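Scroll down for the structure; my scribbles are underneath it.
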Amino acid sequence: MSIPAPRPFSVRTRALAPSLQIRSRTLGYAILDMLCPCHCAVGALNVLVYEPRCSPRLRCPPLSSLRVYSDIDELPSPLREFTGRQGDWLKATLATMASTEAREAHVADTIPSPVEVNADEKYDGIKVDEKEIAEELDLYVPLKLDPNIPFEENPLTARAVIVGILLGALVNASNLYLGLKTGFTFSANIFGSIFGYGIVKLMSKHCHNWPILGGSFGPQENSIIQAAATGSGGIAGIFVAGIPAIYRLHAIEGTPQENFGPLITITLVCSFFGLFFVTPLRKFFIIRVARELKLLFPTPTAVALTIRSMHAGAAGAQEAISKLKALSLAFTAALIQRIASYYAIGILYDWHPFTWIHIWSKGTSWALNIESWGWYWEWTPAFIGSGILIGLNAAISLFAGAVLAWAIIGPVLVHYGECVGKQLYPDEPYWDSLYTFASLSNLGHETPSPRYWLLWPGVLIMVATSIAELLVQYKVLIHAGKSTWKAICSGLNDAKIKFTGKSSPYLESQASKYVDDPNMVADSARPEDQVPIWQWSLGLIASIVIAIIVFHYQWGMNPGLTILACLLGFLFSFLAIQIGAVTDQTPLTAASKASQLIFGAATSGKGYSIVDAQRINLVAGGLASGAADVGNALTSDFRTGFLLGTPPNKQWYAQSMGTLISVFLAPGLFVLFTTAYPCILDGNEDCPFGVPSVAAWAAVAQAVTDPAVSIPWTSGIFSIVIAIVCVGQVIVRHFYLVGEREWIRDYLPNWGAIALSFVLPSPVFTTASLFGALLAYAWRKWKLSSFELYGYAVAAGFIAGEGLGGVVGAILQIAGVSGDVYGTNVGCPANSC
């Protein structure tokens, strides 16, 4: 008999499971399972310690069960081996609850004390210290770490920074590849923390007495690796959206290779502006308002818990090794598969069953019509991995959006003549029924393609839902405004006292509200561990000055517009961090599109040419999006470091060094991909990179600057109607589906995912994501503990492996030894994939 797999629970509430010490008066033991997807850790005789290693990304199903093992022989082998035969009887109770509230009520109301277990007594329950539980349930204080971990005097080591930067560089390359293909990018935090653990742990074990490489390894140094990886793995977003959109609209002369200098400078401005201005906000988001606004930061919290679990003694080390092996195998397999598939793409990567049916029927079937709409299968490890991460709701929404766009709306539009496709092989009778419906050429000047028609509802859904999600959090925004005002008053009053020796009564009264706030979190970082004010303030001033110079001389934006762009970047970053901390979804789309709309109005009627206005529009949107991305990444790292007790200045230095590398790395990778695949910049529908984000950015820029670009009236009406429906769902979900009705939220469509399917050039990625989500669902149902141990590691390995394989493919393309030259297209439609 085996213990039923523990169920995970939601972190929308304020708690995670506690560590419990349960003492018995006899030789019996009791186990209280608090719903964590992890393993029981047992202690010495008469004392049993259950240390949870929870995954806060998962939700608890509505299940309540109780099981008692009355005979020691019924116990699972690990516990049986531990207890041996010292007791005649051992009873273990596993209690599972569906929510944190139920769990607390169970512990508080239904478990008597003390525990007494013997052969003749019936086990009735366990009594635990509620105060101890309350302390453990508080996620706004640092986590309790293994007391046997050596003290980390200086976690900012050369090995941690170098390893973190190298791992982040892999993620950066993956993000360029995946972002250009589909618009998705992924954080380096999980990949960096797990892979970094394995590499540095190996150094610590085998190079113990070596300088730089040797020395003990703890959770704080692990968080430094993750911070450096996040820094070097970031800022890829502007190179999969705004920058290629500038080239697509011919708003800049030359090639990316010729414009490498301007690409570096705009990356420098976006990166370090976001890094510097968000630095003083650590105290605001992590210390001052985190508890009041319930800023839980789910993913950074999960990373901190993962790092803690890997450093939790021998059991944690074994678990970490298992995760590392899974990640390494997945990474290697995905890398090899992607590189090999370039030489047999129709066999190892793209499967076209409708083409095969067409061939088998000797051209007499209707199958090629389905092929024309992009319905084929692609063995893409990255998007199978993304499906594992995003879950069923988002994956089903993605697939439903693809069905709606490419199986219903698109064919209907073509049938009634609203849209047209492009015949690919008009001179080949065997393939003359093969079309493409993904063209974006000659926008607004001829009958549109289905992709152009679908582009507008996709963009409007993204903008409307993102802004609606922002506005329904009005209470959070009001609280944030009040807290910001109190913090400003406190700072100004302190400055006045320092320079004049007197305080302002008004500022003091406002600041006292802030000082006396009972919701403030105690900052575990010492004053000397904070980032010095002169460092971030001088850096912020320098970044703004450089922005004014760079944007004026290289991108044609006057100083006034540059300052407006910086202000918008700060405002939208501030809001994006708050929303991301609550929902785990950073609204970068809303930030960039809102900036584009504002700059469309700012440049209108000011004498700018259409090309200049479009370039300014995209650069401003890039600054807002890039600054919000970097700022959110740093704040997330501060949250992880806070939970692990890592000095914030050490994290800041690590991420700054990583960010400096990304300033050169991201433009270099962009040049690599655009040199290997020039079609990225011209919008060719035959391009292997669909660049959906580029289409969305370019569409908004054109819509607000070019009167000649028309939106089909049917598309415009549909866009408005569907946007109203989406906003209505946001309002209903936030204000009506609460309390007893909250469970309905899980079954609502994810309109952001549906909108992305409208913008993607084909449904192929949505099918792969759905496959990954179904695989994860089945895996969890089959063996939850196995999924919790390996699932996210496998997903991260798949994503990074295919991304690196894409970089290798670009190098092979430039070298002239790619699959185009030496490979085969067997299995592809018209012998072309």
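Cβ from N, Cα, C; glycine included.
Note that TrEMBL annotation is computational and uncurated.
TrEMBL tags one of the stretches 259-278, 339-358 as transmembrane segment, and that stretch is 259-278. Looking at 27-47, 657-677, the range annotated in TrEMBL as transmembrane segment turns out to be 657-677.
Tertiary proximity for the transmembrane segment (789-815) is limited to same-chain residues at least six positions away from its ends with a CB under 8 Å from its CB atoms, namely 55, 170-171, 173-178, 181, 186, 190-191, 194, 319, 322-324, 326-339, 342, 380-382, 384-386, 388-389, 669, 672-673, 675-677, 772, 776, 779-780.
Comparison of 156-178, 382-409, 536-555, 717-739, 751-777 by number of C-beta pairs under 8 angstroms to the transmembrane segment (184-203) places 156-178 first.
Beyond the transmembrane segment (657-677), the same-chain residues lying 6 or more positions past its ends with a Cβ under 8 Å from any Cβ of the stretch are 161, 164-165, 168-169, 172-173, 176-177, 180, 227-236, 238-239, 243-244, 247, 255-257, 260, 263-264, 267-268, 271-272, 275, 630, 687-689, 807, 809-811, 813-814. Sequence-distant neighbours of the transmembrane segment (453-472) (same chain, 6+ residues past either end, Cβ-Cβ under 8 Å): 405, 409-410, 413, 418-419, 440, 575, 579, 583, 585, 587, 589-590, 593-594, 695-696, 699-700, 711-712, 714-716, 718-720, 722-723, 726-727, 730-731, 734-735, 751-752, 754-759. Outside the transmembrane segment (717-739), and at least 6 residues removed from its termini, the chain residues within Cβ reach (under 8 Å) are 456-457, 459-461, 463-465, 468-469, 472, 711, 745, 748-749, 751. Counted over residue pairs 6 or more apart, the CB atoms of the transmembrane segment (259-278) and the transmembrane segment (561-583) come under 8 Å in at least three pairs, which marks the two as touching.
Within the same chain, residues 155-157, 160-161, 163-172, 175-176, 179-180, 183, 185, 187-189, 191-193, 196-197, 200, 256, 263, 266-267, 270-271, 303, 307, 588, 592, 614-615, 618-619, 621-622, 625-626, 629-630, 633-634, 636-637, 640-641, 646, 650-651, 654-663, 665-667, 669-670, 674, 680-681, 691, 693-694, 696-698, 701 sit at least 6 positions outside the transmembrane segment (224-247) and bring their C-beta atoms closer than 8 Å to a C-beta of that stretch. Contact count against the transmembrane segment (751-777) (Cβ pairs under 8 Å) is highest for 382-409, out of 156-178, 382-409, 561-583.
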